[in-house]
Amino acid sequence: MFKQNNYIFPLLILLLVVVLICSIAFGAVSILPSEMASAIQHFLNGKGPQGIYESVFLQLRLPRVLLCAITGAVLAVSGVLMQGLFRNPIVEPGLVGTSAGAAFGASLVFVLGVNMSPAIKAMTGPLLVPLFAFAGALLATWIVYALSKHTKHVSIVSLLLVGIAVNAIGLSGTGFMSYIARDPQARSITFWNLGTFSGASWLQVVIVATVAAIIFFIALRYTKELNALLLGEEEAGYLGVDADKLKRRIMLLNTAMVAVVTAFVGVISFMGLIVPHILRLLIGSDNKKLLPASMLLGAALLCLADVLARLLLAPAEIPIGIITSFVGAPVFILLLKKFNLLQQKGGGDA
Amino acid sequence: MLKLEQISYAIGNKQILHSISAVLQPGEVTMILGPNGSGKSSLLRIFSGAVDNYTGEVWYDERNLRAIKKLQLAHIRAVMTQQPELSFPLPVEEVVMMGRYPHFEFNPSVHDHQLCEAAMERLKLNDFRKRNYLTLSGGERQRVQFARVLAQLGEESKEGNRFLFLDEPLNNLDIRYQHAFLKEAAAFAAQPATVVAVMHDLNLALQYADRLLFLKEGELVAYGKPEEIVTEELVQEVFAVQSHILQNPLNGKPMVVYK
């Protein structure tokens, strides 16, 4: 079943590079690779962008594409971490309340933000919505975690069940906010819940990239422990893995990075689910390969979805969450069918 | 040497083990026998380090189990549990490599690879190495798990400070591999190392164990060399089954037939 997959990483890198170039090139304004090159050259020489194309490239397209790529990588890695931790292939980053909490936090700002003191608004500037979303994400995840804790042990089943309940509360809170909102505010909430990269800025890119880089670096150090956990918690313990400590740390890493990206771009579903699945079929479930491969494929697929979001109804833009769900869900069902068939075949000779 | 000092253990109001004491020597295979629910697996999980709310003390040579860090323990002690599952597909060689996880930081060394190769060789898994573990039969999985714990404990050391614990290791194995497993376990004990196995088959235990430990309702009923302690009365007392003890004509060991 497992072939030598030495070619998979070069292929994924190639895919990512091609998708990145395409997703910079296409949009309301097309940008040629030669213009990208000269804009970068001008930037490196300390000159400002020359002409409209170069400034679209530097100020709009490039930060957007980078933010999109990092977000895709974060969501996919988060899927790998959560699925490994829960030892369950249908777990998604949003499951433990992170997305629902973020959405509720953001909707609070959209609806009640008009009444906030100007001092707060002046201090936070463009970070007002992200800050509330981040706080909401952390709070919701912390509630899920605290409620599913028995003494020092965190049971996976109760984590899932409490996660469902807290998600429902977050959704109803967001729903209530849209209900009492005026029209434009309600639209903001709707858009935010479907994810968008249209507001991407270099500030966001820097923040998200820093957080993602640190967390990826740490997460890569836990791939061995996550593999051991596949045997079960007791067996992992016999291999020297402190399962409770591992669960706490992975939850913390995962929540921090998902909360940060969700705070900036809104809720994007299905990425965390399908990317690890596609890769499991291609290269198996060894987390040492799965995690870095997910970064690459997650980045490439989300950029691809963003290109579609920009082009399908151009010049209007479709919220990217609609694309990821609309394309992602059928792909996921297909994968699931295939995955089941494989398992049935496998179990036959037992 | 593994020393158990008055181990007692309760879950809620139910007393699982009553003050079990025994000294298990390196170079020997000790097999734990007893009826269902007699506390065999609980005892194994306690001295393996998976349970910490027991009373009494467990000593690994001069070191108290409570004072040994999990990762340190994983260097000297390996445990094969009953039918460990695997939540996602992995190739056989990676499952075996898990045994080396406690020994390397990020990438396995050449030495780690050599030990896995040797373990797969011993369990005749060479043809399986690339197969998906989840597609293997129950018996094949047992062999992979056995290779994994052998790889974990590494190569021979004269100090006798390694401990191999097996919980009903013969589940799903055919007769040939039952004997092959127990011969491997005996060979490992001879290196020397302390080997303990929870068993169901009294005749296999009589054939391969250096010492037997009988539990009944959480109490230690008998502990010693098979030929010295196993009598028809003991079988009656522990298992409530009438039996007769013969000599196995092929190897001269005692064997039991039941009424």
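Backbone N, Cα and C atoms are what each Cβ position is placed from, and that goes for glycine too.
Curation plays no part in TrEMBL annotations; they are all automatic predictions.
Copied over from TrEMBL, here are the features:
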- A:62-82: transmembrane segment (TRANSMEM)
- A:94-115: transmembrane segment (TRANSMEM)
- A:127-147: transmembrane segment (TRANSMEM)
- A:159-181: transmembrane segment (TRANSMEM)
- A:201-220: transmembrane segment (TRANSMEM)
- A:255-279: transmembrane segment (TRANSMEM)
- A:291-313: transmembrane segment (TRANSMEM)
- A:320-336: transmembrane segment (TRANSMEM)
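A Cβ distance under 8 Å defines the sequence-distant neighbours of the transmembrane segment (A:127-147), meaning residues of its chain 6+ beyond its ends; these are 96-106, 108-110, 113, 116, 120-121, 154, 158-159, 162-163, 166, 170, 192, 204, 251, 255, 258-260, 262-264. If one looks beyond the transmembrane segment (A:201-220) by at least 6 residues along the same chain, the residues whose Cβ comes under 8 Å of a Cβ in the stretch are 63, 66-67, 70-71, 73-74, 77, 81, 126, 130, 250, 253, 256-257, 260-261, 264, 291-292, 295. The listed stretches are A:62-82, A:94-115, A:159-181, A:320-336; of these, A:62-82 has the most Cβ pairs under 8 Å to the transmembrane segment (A:255-279).
Within the chain, the transmembrane segment (A:94-115) has long-range Cβ neighbours (under 8 A, six or more residues past its boundaries) at 82, 121, 128-129, 132-141, 143-145, 159-160, 163-164, 166-167, 169-171, 173-174, 177-178, 180-181, 185, 188-189, 192-193, 251, 254-255, 258-259, 262-263, 266-267, 269, 272.
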